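Enquirer: A single structure is presented below for examination.
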Amino acid sequence: MTQKPTACLALANGTIFYGMGFGATGETTAELCFNTAMTGYQEIMTDPSYAGQVVTFTFPHIGNTGVNPDDDETADPVAAGMIVKWDPTHASSWRATEELTGWLAKRGRIGMGGVDTRRLTRAIRQQGAPHVALAHNPDGIFDIEALVRKARAFEGLEGLDLAKDVTCAQSYNWNEMRWAWPEGYKPQTDARHKVVAIDFGAKRNILRCLASAGCDVTVLPATATGEEVMALNPDGVFLSNGPGDPAATGAYAVPMIKQVLSHDIPVFGICLGHQILALALGAKTVKMNHGHHGANHPVKDMETGKVEITSMNHGFTVDGQSLPVGVKETHVSLFDGSNCGIRLADRPVFSVQYHPEASPGPQDSYYLFERFSQAMQESTTTNN
Ligand SMILES: NC(=O)CC[C@H](N)C(=O)O
């Protein structure tokens, strides 16, 4: 780097990285993770599950497809900041309506380029997701000691309920479908299954996938009670992804899920929804060393032996050893053997740790939305 650095990242252990700031100026504290996806930086930055985290992108070309309103997973960027190897490239895509840098600045998110992201990623792997302070000051003046102190003062994601910060304020209906189809699937245009989706920080493409699988979706805030959910008389209940510690969110979500489970209807959960469903069934969740964040994670379906390449974003995991009798482990990570899916042995209540809606990532796991729809089809036929 020949120019004077305008951004600084302080890790709680005192390691300092300098780079060139872009986007908003100012400071933020967060947990630091790395994401290995080669595409989809806009979807990643706007995935509500990233609240409280700064994302290091291991792929070096960030910015080259710009940003556009269609690829937002929620209205605003939710990740606390981004770190990239090279200064963001200019947008060169027919879909781009804006440059990444201007978009981040307008939305109050700090970016830092010119960083040795390999070294940083190794540090994350070795010490576990560090607590950090990230600062962007065009004058290039930083109080390093103060930044390290702020990184140390950040309490981390354990015990933190962030779902209540990113959930919707009020319930709403969702009927927008996906724009493109995974190979071999057709949109189911008749919305015949009444689904209540609990928004712990739902990505829009999950709601599009549900609508495309024949669901008439009513989204409820994370704090909805079991009575409120069941008052809508749903054919099935969906539990969304979201940020923070599942155990903290579970404080109010577990009683809601237990009440839903006392009715014999299909339940489907993704990521945080998977973790909270597991808690409601009596399993435990734990914090991972550096989590799984990327778009190429192989997962084995233990029932069919098939391998899916999946999109992942999680820093907590369900302890597969803690699954009670009657709860089957359906999917396992081929990277580290961690739990990636469960189901009840005798009922269509199931969930996965990864993101079958992709956005970004491969489409291998779209079948899970069809499975949920099929389960509701069968349960309404049996119950009528
Ligand atoms: N994508 C998600 O839903 C993330 C779930 C949870 N916050 C975790 O980090 O494990």
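The backbone N, Cα and C atoms fix where each Cβ goes, glycine too.
Just so you know, TrEMBL annotations never went through curation; they're auto-generated.
When I checked TrEMBL for this same protein, it listed these features:
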- Cys271: active site, nucleophile (ACT_SITE)
- His355: active site (ACT_SITE)
- Glu357: active site (ACT_SITE)
- Ser49, Gly242, Gly244, Leu272, Gln275, Asn313, Gly315, Phe316: L-glutamine binding site (BINDING)
- 5-135: domain 'Carbamoyl-phosphate synthase small subunit N-terminal' (DOMAIN)
- 1-193: region 'CPSase' (REGION)
Enquirer: Between 0 and 100, where does the mean pLDDT of the region 'CPSase' (1-193) sit?
Expert: 95
Enquirer: Excluding Ser49, Gly242, Gly244, Leu272, Gln275, Asn313, Gly315, Phe316, please set out which residues of the same chain place their CB within 8 Å of the center of the CB atoms of the L-glutamine site, keeping sequence order.
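Expert: The answer, listed by sequence position, is Asn241, Pro243, Asp245, Pro246, Cys271, His314.
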Enquirer: Determine the C-alpha span of the L-glutamine site listed in the record, that is the greatest distance between any two of Ser49, Gly242, Gly244, Leu272, Gln275, Asn313, Gly315, Phe316, in Å to the nearest whole number.
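Expert: The widest Cα-Cα gap among those binding residues is 13 Å.
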Enquirer: If we check Cα distances from Gly315 (L-glutamine binding site), which of the active-site residues Cys271, His355, Glu357 wins as closest?
Expert: Cys271
Enquirer: In whole Å, note down how far the CA of Glu357 (active site) lies from the CA of Gln275 (L-glutamine binding site).
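Expert: For Gln275 (L-glutamine binding site) versus Glu357 (active site), the Cα atoms are 17 Å apart.
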Enquirer: For the recorded positions Cys271, Leu272, work out the Cβ neighbour count at 10 Å and name the residue with the minimum.
Expert: Cys271
Enquirer: Pull the DSSP breakdown for the domain 'Carbamoyl-phosphate synthase small subunit N-terminal' (5-135) and write it out as helix, strand, coil residue counts.
Expert: 29 helix, 44 strand, 58 coil
Enquirer: What count of other C-beta atoms do you get within 10 angstroms of the C-beta of Gly242 (L-glutamine binding site), across all chains shown?
Expert: 32
Enquirer: Could you check which of these binding-site residues, Ser49, Gly242, Gly244, Phe316, sit within 10 Å of His355 (active site), going Cα to Cα?
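Expert: For His355 (active site), the binding-site residues whose Cα atoms are within 10 Å come to none.
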Enquirer: In the three-state scheme derived from DSSP, which category covers Glu357 (active site)?
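Expert: It is coil.
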